[in-house]
């Protein structure tokens, strides 16, 4: 026999579970109205008998004794009627309640206006009977809509909702004392009607709530059955639906994961991959469906309890506390083992041995780490708890190929110890080196599930969505595409480089982040910048933009020394940039974000013109809105125009940021890992788009990127950095073949190097 009894939930889990039951929530909302009406009726009825009909205390007792038995009659009728209605459709009970609500309101009014004692008694008896008829069916239906393990909490919590109603009762008493008991009783009639109708609205949702309970029970029973037969499914996700407010993002997701398995979760940008991980870890609560971990339903458990059950998540691009030091981040991540200091120290030494760069910067603020080092720190924090299920969102995000290869090996070794890994990864090539099973998502639904190698043979799924305009069946990656004649002519005629660095140096304390770096970028040239994490690439960009001061050297943009200029003046001078983390204004929509990026090209920006809607301002706004629409169409973002940027996935935010950079119309564009967080097929079309931007804008591009097929296919030259110094410079083929670059940066894992395109592209 399979044991199906579930462990009792904590109050926090029970509350989250109950709050998602729509029909129960509607009943809770109705309780304040019903408490006022029912308690008020009982109180005022006794007073009316005494004051209006002159019934004494003993007679009122006899009267109550005569009325109350009719409740039993109502209960008997309700039990039979409720059973019949429930068998036909549980929603019929709530529809029947709509009629009961009207009848109760009418009977309350009849009681209040009854001219004789006997008519008031008849109204009282009928009201008592009508209300009693509903109780059996209502409670039996709720018993099926509330999971058994939280049923007691669900019913008892309803008493809390009576408190607001009790606070209103003195007001009803004041009305009765001032205007008379009949008026007070009449006031209760619409209040009772409102409460009844609120409960009756549950007819719209009760079937869904009951089905959700049954689906969760079925999923857990299946998990227990599989375990009893030796099929150890650590995780079962059954018919999972997730929404953000009114926007549903996941639709009937079904996933099964074995113990010790590595599962790759791939898909288009905005498909819901990260949302699925958040739903499993409890950060985002599911609306319907079930998540079963090791036989236990964790669908509505709070994140801290799910972590205690053995689930750890590495969020994509935001897994660390920037204001805290590396040591403090790791200490915070060890909260599950905080009482065992020896165990914490042992595990801390293990993760620092895996990532020695973190040991070297243990007391530095995490915000000062490079993007790759922050990703290492986030992984270290997750590994401290030795989870049963490890959820990794964007493993290779911002990491050098050699580090990606190291992490792939680490993930495989983690899985070998029995830890289950679900990996969200944009690069199919990287995922194939680790995962045996893959799921492909698109628009919130699972489009493919099966062996990972079979997914690579599905071109109908692996296609570009945002950059589909550049998609071509006979083009895979741009190979050694020369600059257009117009751009080459510009570079030839202009003796002034678009960007020039002369001996720039930046030190933090006694450590050199950038040491005597000199480079020159001609107008229309694409320069690729590569190097291991912490080599100084992003710091170099910060210096060019003015976010970091120089300790030595000069920076010239279009021949003008800007070393002492603030960032906004460099931007107005034609410098544009994207960041590693996709930095956008969270309170703006996508269309608004792109419009803000057009500020440099706006002809009329005077607020007085805009306030008075002068023709020049109106014309300028029209041109700006037209340009915004063009850019949204170019980048496939038209459907997201009115979405807030904070609601977008990591990859979609990167596409928006890139659109903003193009809207700026720069003469020098710095791109810090433009492919990070972007789906592989989007990346493979990104190269064509970069070449198109160069052709149309004539701007110079400096690109930091770890995707070597992409970078080598678009760059005229590559510069390799190590520990802040330049170690190689030249055409892509020569730099990538340099032994120093291979040993310090690329490594020997071809899949980690070739994140897009075919793995053999760089051979």
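Yeah, the Cβs are placed from backbone N, Cα and C, and that goes for glycine too.
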*Scan 59-80, 125-146 against TrEMBL and say which stretch is down as transmembrane segment.*
125-146
*According to TrEMBL, which stretch among 99-119, 204-224 corresponds to the feature transmembrane segment?*
99-119
*Look up transmembrane segment in TrEMBL and report which of 4-26, 27-49 it refers to.*
27-49
*Hey, which bits of the same chain come close to the transmembrane segment (125-146), Cβ under 8 Å, at least six residues off its ends?*
18, 21, 23-24, 27, 41, 67-68, 70-75, 77-79, 81-83, 85-86, 90, 93-94, 96-97, 100, 103-104, 107-108, 111, 154-155, 199, 206, 209-210, 213
*asked:* Which residues of the chain, 6 or more past the ends of the transmembrane segment (27-49), have a CB below 8 A from one of its CBs?
replied: 55, 59-60, 63, 108, 111-112, 117, 120, 124, 127, 142, 157-158, 161-166, 168-169, 172-173, 176, 181-182, 184-185, 188, 191-192, 194-196, 198-199, 202
_Contacting positions for the transmembrane segment (153-173) when only residues 6+ beyond its ends and CB under 8 Å are counted_ = 11, 14-15, 18, 21, 24, 27-29, 31-36, 39-40, 43-44, 142, 146, 184, 187-188
*In terms of Cβ proximity under 8 Å, which residues at least six beyond the ends of the transmembrane segment (179-200) contact it?*
26-27, 29-34, 36-38, 40-41, 44-45, 47-48, 51-52, 94-95, 97-98, 100-102, 104-106, 108-109, 111-113, 138, 172-173
*the domain 'ABC transporter' (235-468) [mean pLDDT, rounded to integer]*: 85
